[in-house]
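Report on the following structure.
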Amino acid sequence: MSLEIGVFDGLLLAGVVLSAVVAVLVPRRTSAVAVFLVFGLLLALLWARLDAPDIALAEAVLGGGVTGALLVDALASKQAEVPRRRSWALATGIIAGIIAFLGMGWVVSRLSEPSGQLPLLVDDHIGGSGAEHPVTAVLLNFRSFDTLLEIAVVMTAVFAATAVSDRSWTRTLSASGELRIIAVVLLPVVSLLAVWMLVAGTTRPGGAFQAGAMVGAGLVIAHLTGTRRTSTRGPWGDALIVLGLVVFILLAFSTAVGGAGWLVLGESWASTAILAVEAVLAVSIGVGLARIFLANRREPGEAR
Amino acid sequence: MTVVDLALIAGPAIVVIGLVGHLLVGDLLRRIVALNVASGGVMMVLLAIAARGEAPDPVPQALVLTGIVIMAAVTGVALALARRVDAVTDESEGR
């Protein structure tokens, strides 16, 4: 994709910066969330324009979908009164911001030409890595330790969200007829998309995280439309959330003890290992994200 | 001027807007939104750097993907905590 500027690019970047400014400055919560959702959508377009289709997918489904759902649900609480900042604090903040922007601009202007070393390294080793898509190979083979730590962070966040919640989130909801129709139509599509993205991640944009977010979305839709046993609470939910990290650690130990080193995947079984780990990660992340949403969900009009 | 150059200017601007907003705004939900805006700016800089070469560099893209997943999860926790803080503040002010 050519990176020369067209009218679309100028409009897109102007829209991104404008929606960022408005999302931060507008005083009402509901407006801030609405403009932030627009910001997320424009960011997804920008990532696609910057040759990052994986990230565009992930931004659309995680930034717009999951974060959007979380923010909109948080709007159900009343907005508290906050004291106004004093003017000297505002002035200091704005001046500091301008200095920081100029500093970052100076650093960015001194970036050297891309040496291309990392992409060359990836290209050299991608043959036996078990995945044909470079981002998947980097995430699950070359830098799999980072992904292991990421799963640990997500798991910790899920249990933190569980700890903060009260006990009212396990009731099976009763849903009207229209909601059930929505579920019947949406759930097969969501499941198909989740499995497709998981399997497609080996050869094209996709992978465990996008699939995991679809699994999470599917669980939330199922619970909100009255399906039984989809609240992710209880020992089954805990087990599925922990499973991703446990499987990853088992893989690390088995490669350290019986293989060529920590998380070194042998060429013959690398693709199987990657697909298996991705499947488990997708389930874990899906259940985890669903639980983060459902554990702290508020019925409209409920008081805390 | 390419898209990458524009993104390398807009990225730091959005980071600063988000950070300053996060530090100066009072309402907790708006602060969380501002922090998400700032993280969007950081991702813009990383992805612009990744797009500079002939083929897009997959390592910064993998880092950004990791960051998006973690931001979604941590935003959920932050919102739950913000709701508890607001609820406790409401109770203590006798509403």
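Cβ atoms here come from the backbone N, Cα and C positions, even for glycine.
TrEMBL entries are annotated by machine, without manual review.
Features as listed in TrEMBL:
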type: TRANSMEM; residues: A:6-26; note: transmembrane segment
type: DOMAIN; residues: A:15-76; note: domain 'MrpA C-terminal/MbhD'
type: TRANSMEM; residues: A:33-50; note: transmembrane segment
type: TRANSMEM; residues: A:56-76; note: transmembrane segment
type: TRANSMEM; residues: A:88-108; note: transmembrane segment
type: TRANSMEM; residues: A:148-169; note: transmembrane segment
type: DOMAIN; residues: A:179-289; note: domain 'Na+/H+ antiporter MnhB subunit-related protein'
type: TRANSMEM; residues: A:181-201; note: transmembrane segment
type: TRANSMEM; residues: A:207-227; note: transmembrane segment
type: TRANSMEM; residues: A:239-263; note: transmembrane segment
type: TRANSMEM; residues: A:269-294; note: transmembrane segment
(request) Give me the stretch from A:6-26, A:56-76, A:239-263, A:269-294 with the greatest number of Cβ pairs under 8 Å to the transmembrane segment (A:33-50). (result) A:56-76
(message) Under 8 angstroms, Cβ to Cβ: which one of A:6-26, A:148-169, A:239-263, A:269-294 has the largest number of such pairs with the transmembrane segment (A:207-227)?
(response) A:269-294
(request) Provide the three-state DSSP residue tally for the domain 'MrpA C-terminal/MbhD' (A:15-76): helix first, then strand, then coil. (result) 54 helix, 0 strand, 8 coil
